[in-house]
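Below: one structure, written as structure tokens.
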Amino acid sequence: MSESDKYELLEKIGHGSFGIIRKVRRKADGMILCRKEISYLKMSQKEREQLHAEFSILSTLRHPNIVGYYHREHLKATQDLHLYMEYCGNGDLGRVIRNLIKNNQYAEESFVWSIFSQLVTALYRCHYGVDPPEVGKTVLGLGSTARPKPPSGGMTILHRDLKPENVFLGEDNSVKLGDFGLSKVMQSHDFASTYVGTPFYMSPEICAAEKYTLKSDIWSLGCIIYELCAREPPFNAKTHYQLVQKIKEGKIAPLPSVYSGELFATIKDCLRVNPDRRPDTATLLNLPIVRLMRKEKEVVEFSRTLRTKEETLNKRIRELDSKLSALETEKSSIRAEIDASLRREWEVKARLEIDRLVAQEIESLQQKFEQEVQARVEAELQRHGRGPMFNSHGQQGSFSSTAATLVSDYNLSSVGSGDGDFPSTTDITDISIAESTDGSDITKKIPRTPFHRAQTYSSAPAESVLGTPMDIEMASPSPITIASLSLSPRRMALTKAPTTNPRMIFGEEPTSTDKSNWEVPRETEMIDSGDESEAEALVPSPKRITKSSKNPFSTVTTRSRPSLNSQQNSNVLPIHGLRSKQTLATRSKTVSGVSSIGQHPLRSAPSAPSLRDRKPSPTRRLSRIPSVTGVGRRLSANNINNSSNGGSDAPSSTVTSNITVRTRGLKRMSSTCDESSFSQQQNNQPQQSLPQAPPLKKIGLMAAKNIRGSSLVELHQARAGGRPISAIISNEAKLRAFKEHATIAASAVDSSSSSSSSSGQSQLPTRPRSQPQPITANFEQQQQQQQSNTNSISSSNSAGSGSATGTGTGAGTKSMPWPVAPVWNREVETEEMPSPFIVKTSKRPASFVRPASNLSQS
């Protein structure tokens, strides 16, 4: 890459005798330079030597008031020489003078002094080869330092071509002395003998062909300052000769009045004809005004330098600020990245640590859980090991010694408890003739509380009791629970058992999983109901709903109706079903009573004293429903006592021999008599009566009251406060079948026939009549049909034989005015009424009904 390619050509700024001056820009740093293009193809040898001397001098001169020289470029192909020098933006001093002439203005004196002082300083550097001394503190005078001695062997440079066109001005009006093409380098003691300059600025010694000395440049300096002030040269003529003559005379015109005399005097000193009288550059520098100008120039230079430095520093500061901001941004980004990296790393570490601790804690809790489960399993296994066991038939065995001693804090039965865990459900075919002699089968009876639901294994620990379907209570009552209605609000508190263990009713896991033990078929016939004081416990069944405030399956918001639990048993339960040791004892006792009933008179004392003479429960409440069975039983006991004192036992034997005794769960059957004997017994009834005894017909109806259940309306009325016994009897009498009335009345006639001779006439008191309350239309039709059937049968059988009644008389025997009510060989009779939804048929099996002919023959 050539030197010319490193610069960018901008414009042409002038031309000279040797070439063209152009303005260029350096591409490296953008610096503006001045290129002087000189073609030495047509130069003579002397001119080539002068050109060589110029760039040699410029290369050694380095001063602020001298045009700077950078380098040269020699183009051999075109024989051109390019000199790159400092660029002066304001042109030269000759253009300034032309502008003043053009504008008809005078230059300011301060400007003139500034140009003068700078030219003196530049000439001082050329004449003495050193820079002039600084003003410093010697503003008022340079002293001995004003005239320095040139260094030995130094070079003295004579410009020899000072003119306004060779004085250049910078942007700040700084003077730059240039164009040293005609300069001559000579020793300090040498003098130049040739003059090659402009004739308007040549000194008198040059005109006189004398030698050229340093004082010649001072003359040229005076001519330039005078032309700047007067806008014309000091010496001017039309011909060369006249010009030389005027120069030798040395007379000049005064300066315009705008300038000071000091300036004119200084110019006159410089234009003295005698060179020895001219001041040198050192003397000129010592002038007060020059010192001030120099000092001012120094201040300006200093301010410019300071401003430049400030700009440089500001630029540097801005660069540093930008770099600092970039560094801060980079630092923040790096820190954010490091923080994010550290955060991620610590989050990962924390997550791992948390996971480890969580896993450790989970493992610890799992171990604790397994240990706890193992401990509870062992405890349950130990408890199951000493809990109740079940045999192959599903019967519950005896509890362990620990569980047997635990007694529940409340009674779980709604009607009391029997001898065993389950009541006897056997019929007459299951009764054993042999009397059980094992005393261990009979356990102590536990006092009952009324209207409590049964819960099995109540004495077992709470941890081992689990929930069963028996403890489930539906949200809405189903029809199956109407059989156990308890409509009185006063019975609600004692109806529900406080369930402390809302779990499975079985404390231990049964050994047998036979589901047939709990699937008990429902009885289609009416179930017996007796006195509530002698009621027995219900058979535990999973289908029954436990009314308990602590039942977890009960609905809190919906309260079911109070229930009156009735005793229901099935007569078709297999023999090998759920049985207990107490059941066997009950069967043997029942058969023993039946075996002797046909041979001995019927008495109240011998009929199951263990069942009759039970102590009343201390926690039992008295029912507000009148107990008809209890009244009949007390009247029967009085009649039996009367007959045992003075009468014969034949009538009682006759009556009791015809009674078919059934255990609990079967239908009751009284003496089976034909219609004729019944009518005859009614006609021959003794009229002798006790004041406290009710009529015979009422007793029969009262005894038969336990056959059929009450209607829903009557139950509501009974729970609300009860009805009179007479109204109940009169209303219930129409609901009985004819055969049921006949059997009960026949037994009463046979027992009272022996007293007909002593009393003279039989008195049949009429039962108190009350207006019946029909329930439905079908119920009224049924009453009318039953009444018609009763009348027709009574009239058709009124002529029957009286053999049955004749057998009841005896001499010396006290007659029993009231018939003896059948004594039911049961352990407990309940007063609770059966469900009205269970219809009891009046048809009896043929095996239980004895024909009338057989009765008369016996």
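Cβ coordinates come from backbone N, Cα and C, glycine included.
As recorded in Swiss-Prot, the features of this protein are as follows:
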ACT_SITE  Asp161  active site, proton acceptor
BINDING   Ile13, Gly14, His15, Gly16, Ser17, Phe18, Gly19, Ile20, Ile21, Lys36  ATP binding site
COILED    291-383  coiled coil
COMPBIAS  516-525  compositional bias 'Basic and acidic residues'
COMPBIAS  548-572  compositional bias 'Polar residues'
COMPBIAS  580-598  compositional bias 'Polar residues'
COMPBIAS  636-648  compositional bias 'Low complexity'
COMPBIAS  650-661  compositional bias 'Polar residues'
COMPBIAS  676-691  compositional bias 'Low complexity'
COMPBIAS  760-780  compositional bias 'Polar residues'
COMPBIAS  781-802  compositional bias 'Low complexity'
DOMAIN    7-290  domain 'Protein kinase'
REGION    495-693  region 'Disordered'
REGION    747-858  region 'Disordered'
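Projection of Swiss-Prot feature records onto the structure.
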residue : record                       : DSSP (3 states)
Ile13   : ATP binding site             : strand
Gly19   : ATP binding site             : strand
Asp161  : active site, proton acceptor : coil
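A straight line from the CA of Gly19 (ATP binding site) to the CA of the residue listed as 'active site, proton acceptor' spans 17 Å. The binding-site residues listed here are Ile13, Ile21; among them, Ile21 has the most other Cβ atoms within 10 Å of its own Cβ. Counting in whole angstrom, Ile21 (ATP binding site) lies 18 from Asp161 (active site, proton acceptor) by their C-alpha atoms. Listed in sequence order, the residues of the same chain lying 6 or more apart from His15 (ATP binding site) and placing their CB within less than 8 Å of its CB are Ile21. Other Cβ atoms within 10 Å of the Cβ of Gly19 (ATP binding site), summed over all protein chains shown, number 19. Taking the Cα atom of each, Asp161 (active site, proton acceptor) and Ile13 (ATP binding site) are about 20 angstrom apart.
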